[in-house]
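Q: Below, the features straight out of Swiss-Prot:
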type: BINDING; residues: Asp14, Ser64, Asp440, His441; note: Mn(2+) 2 binding site
type: ACT_SITE; residues: Ser64; note: active site, phosphoserine intermediate
type: BINDING; residues: His125, Arg155, Asp156, Arg187, Arg193, Arg259, Ala260, Asp261, Arg262, Lys332; note: substrate binding site
type: BINDING; residues: Asp399, His403, His459; note: Mn(2+) 1 binding site
Amino acid sequence: MTATPKPLVLIILDGFGHSESHKGNAILAAKMPVMDRLYQTMPNGLISGSGMDVGLPDGQMGNSEVGHMNLGAGRVVYQDFTRVTKAIRDGEFFENPTICAAVDKAVSAGKAVHIMGLLSDGGVHSHQDHLVAMAELAVKRGAEKIYLHAFLDGRDTPPRSAKKSLELMDATFARLGKGRTATIVGRYFAMDRDNRWDRVSSAYNLIVDSTADFHADSAVAGLEAAYARDENDEFVKATRIGEAARVEDGDAVVFMNFRADRARELTRVFVEDDFKDFERARQPKVNYVMLTQYAASIPAPSAFAAGSLKNVLGEYLADNGKTQLRIAETEKYAHVTFFFSGGREEPFPGEERILIPSPKVATYDLQPEMSAPEVTDKIVDAIEHQRYDVIVVNYANGDMVGHSGIMEAAIKAVECLDVCVGRIAEALEKVGGEALITADHGNVEQMTDDSTGQAHTAHTSEPVPFVYVGKRQLKVRQGGVLADVAPTMLHLLGMEKPQEMTGHSILVAE
């Protein structure tokens, strides 16, 4: 290791895809002189961040968890979405020992099976087909009382698209002859990840005690009433459907989200005896199952155990005596640490982490710069003092403001990013450092939905930029994917890649 590291900085612009279309494209509408200059003067190209290229089903848009897993692993990582879907197709899901044990315990005691999760075809945190399969499993194993607690999307799907998903579940329960939708609530409340416990408590109290300001005879009627209150899917307030279906001691509760970050908080409320972030009216003693492991510290079993990834970038750098910094604001901190490290919570030796709090605003269109300037201050300081060999940073703006669907805010967000990238590039030039700029998936390059005319709030399957910033004479090869980024970094560091990394350097000599 050199005495004064000249850092290699990986800049991940979250949700910053590439599209030639100008319609609803915040990136092309924005003034971005720094990125324009880098595209003209530095080696750059496009790489894939979606579908089979990142271990998702063909055509499936990428997301932040998947993107960071692939970026850090240096290999295509077979995703939980694909694992669960395959298990359902193969029939293994219906024999899953963890789920079956919880359901069988409830059934033998004459208790209910509660299925909860994000009900949509977005495929980012969950998929509605998985919830259908869970209802089928419960019926096959003899459950008489089956209740669905549906979290509505409108973020990874169009803002008002939940009706068809609710109708799918109604049709499923009718076909099975058992089960019904018991509650609906927007993901804004049920799937927080920033310790906004007032939101989480409204979802928990709805599910456990049927406590709700709104009631409806059917899920679709409840949804239509929410639309009449001007609440899009994501923001639908707690609504009880039909008779109360309280969660009781001995019931089974299966959380069908496969993505961890937005499933942890609600899970903790259910299973932690010493939970103190808000006062629970009740904590029923249930047979709780997480579809995947949301965190190693959560005292509940998971149906699909986490697979371990060996020799991810962070581990390999540590084993070779390199120092590294991971930095992001709250919204993406888990991605640049836990997910980038292949599902590992603890830092590697020589790894430091900086968490910058995200602004406490209801939605990020109200503060589109988010905490990017503060993140950049810390990075520039680290570069100037040459403290680390490698710095990995995530800028949340493109994704989080992109999800708002508000074009003006998205333009401000990416213009802020341009300034931040410029500051990093300037600091690196002074010390002889290098950077790679890329993204985990698309979003902010498509802010309007061509087919519906509504705001487009979901991710896209567009390719993402890849830019080398430095003095070497290199060119970008075609056909790169996110899994090629870690091997590219090792190439720049003059290190052989470990055999577990199947990706290949995107940069080649001119």
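Each residue's number is its place along the chain shown, starting with 1.
Glycine is treated like the rest: Cβ placed from N, Cα and C.
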Q: Which one, from the binding-site residues Arg193, Arg262, His403, His441, His459, has the smallest tally of other C-beta atoms lying within 10 Å of its C-beta?
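A: Minimum Cβ neighbour count within 10 Å, taken over the binding-site residues Arg193, Arg262, His403, His441, His459, occurs at Arg193.
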Q: Hey, what's the widest CA-to-CA gap across His125, Arg155, Asp156, Arg187, Arg193, Arg259, Ala260, Asp261, Arg262, Lys332, the substrate contacts in the record, in Å?
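A: For the residues that bind substrate, the greatest Cα distance is 18 Å.
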Q: Near Asp14 (Mn(2+) 2 binding site), which binding-site residues out of Asp156, Arg193, Ala260, Arg262, Asp399 have their CA within 10 Å?
A: Asp399
Q: Are there any residues in the same chain, six or more apart in sequence, whose C-beta is under 8 angstroms from the C-beta of Ser64 (Mn(2+) 2 binding site), and if so which?
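A: Residues satisfying the criterion: Asp14, Gly15, Lys332, His335, Phe339, Asp399, Asp440, His441.
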Q: Quick check on the binding-site residues: of Asp14, Asp156, Asp399, Asp440, whose CB has the lowest count of neighbouring CB atoms inside 10 Å?
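A: So among Asp14, Asp156, Asp399, Asp440, the binding-site residues given, the one with the fewest Cβ atoms within 10 Å is Asp156.
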Q: Could you round the CA separation between His125 (substrate binding site) and His459 (Mn(2+) 1 binding site) to a whole angstrom and send it over?
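A: Between the alpha carbons of His125 (substrate binding site) and His459 (Mn(2+) 1 binding site) there are 12 Å.
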Q: Within 10 Å of the Cβ of Ala260 (substrate binding site), how many other Cβ atoms are there?
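A: I get 25 for this one.
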Q: Inside 8 A of the center formed by the CB atoms of Asp399, His403, His459, which other residues of the chain have their CB, for the recorded Mn(2+) 1 site?
A: Asp14, Gly15, Asn63, Ser64, Arg155, Asp156, Gly398, Met400, Gly402, His441, Asn443, Val444, Thr457, Ala458
Q: Between Asp156 (substrate binding site) and His459 (Mn(2+) 1 binding site), find the distance joining the two CA atoms and give it rounded to the nearest Å.
A: 6
Q: So, in DSSP terms, is His441 (Mn(2+) 2 binding site) helix, strand, or coil?
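A: Looking at the DSSP assignment, His441 (Mn(2+) 2 binding site) belongs to neither helix nor strand, so coil.
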Q: How many other Cβ atoms sit within 10 Å of the Cβ of His125 (substrate binding site)?
A: 25
Q: Beyond Asp14, Ser64, Asp440, His441, what residues of that chain have CB atoms within 8 A of the centre of the Mn(2+) 2 site's CB atoms?
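A: Once Asp14, Ser64, Asp440, His441 are set aside, the remaining close residues are Ile12, Gly15, Gly49, Gly62, Asn63, Gly67, His68, Lys332, His335, Asn394, Asp399, Ala439, Asn443, His459.
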Q: For Ser64 (Mn(2+) 2 binding site), name the DSSP secondary structure in the helix/strand/coil scheme.
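A: Looking at the DSSP assignment, Ser64 (Mn(2+) 2 binding site) belongs to a helix.
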